[in-house]
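K.L.:
I am attaching a structure below and will ask some questions about it afterwards.
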Amino acid sequence: MWIGVISLFPEMFRAITDFGVTGRAVKNGLLNVQYWSPRDFTYDRHRTVDDRPYGGGPGMLMMVQPLRDAIHAAKAAAGEGARVIYLSPQGRKLDQQGVRQLATNQKMILVCGRYEGIDERVIKTEIDEEWSIGDYVLSGGELPAMTLIDSVARFIPGVLGHQASAEEDSFADGLLDCPHFTRPEILESMDVPAVLLSGNHAEIRRWRLKQSLGRTWLRRPELLKSLALTDEQTRLLAEFQREYQSEQQEY
């Protein structure tokens, strides 16, 4: 996958390209990240990249000419088929379904805003999609862009040690993930659930699914409303709810 990044601070993306899963993906040639800074497309000695908004008000906007020139340079490098994405609080909220959708692209250009944002006409003429990572404000689009790259890269074949890892992540099937345990078997008088030590793969799968359903019901119940549960899932959720309510009564 090829990703172009438009940013005033491209060095921030070393967190993606030099470390962890995404760093290995870059090293192994599975992920290619290139950068264009609007500062490199300025023509004044101060390398100005911000400008005052029409109508007044606090803050500045990114200057149109350097930003557009940077986007055009990235488009030329990408060739045909690259989607241009602006990271913005006004965009569609990124979720696992959206990540899967974005992962089908072989080429993306991510535009990271700064200051109070970018000119609306640039959005209309240069941007294909707007995406947000949540209903809050950050200082720029770099962190959302890194979040998007990390989440999408997990779906590139060969990036994860076991491709099933991406399929079993939280939200992969619309549910939160189940609890996980590793050694030691007993930690401060707390045991690993016996079923996980049984070697019975059918029962382990059933337990994990029930815990996933139950955890979603407890922590993110709104997610269940958008799902069409199977008969098995409905039974397991009801079973979890009975067990949970029984435990609460004991306390």
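Heads up, the Cβ atoms here are built off N, Cα and C, so glycines get one too.
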K.L.:
Given that Swiss-Prot annotates ILE133, GLY134, ASP135, TYR136, VAL137, LEU138 as binding S-adenosyl-L-methionine, state which candidate in GLY113, GLY158 belongs to that site as well.
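P.N.:
Given ILE133, GLY134, ASP135, TYR136, VAL137, LEU138 bind S-adenosyl-L-methionine in Swiss-Prot, the matching entry from GLY113, GLY158 is GLY113.
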K.L.:
By a simple count, how many Cβ atoms lie within 10 Å of the Cβ of ASP135 (S-adenosyl-L-methionine binding site), its own Cβ left out?
P.N.:
7
K.L.:
Mind checking which of GLY113, GLY134 has the fewest other CB atoms within 10 A of its CB? They're the binding-site residues.
P.N.:
GLY134
K.L.:
Tell me, how many other CB atoms lie within 10 A of the CB of TYR136 (S-adenosyl-L-methionine binding site), whichever protein chain they belong to?
P.N.:
7
K.L.:
Select one residue from ILE133, LEU138: among these binding-site residues, choose the one with the most other Cβ atoms within 10 Å of its Cβ.
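P.N.:
Counting Cβ neighbours within 10 Å, the top one is ILE133.
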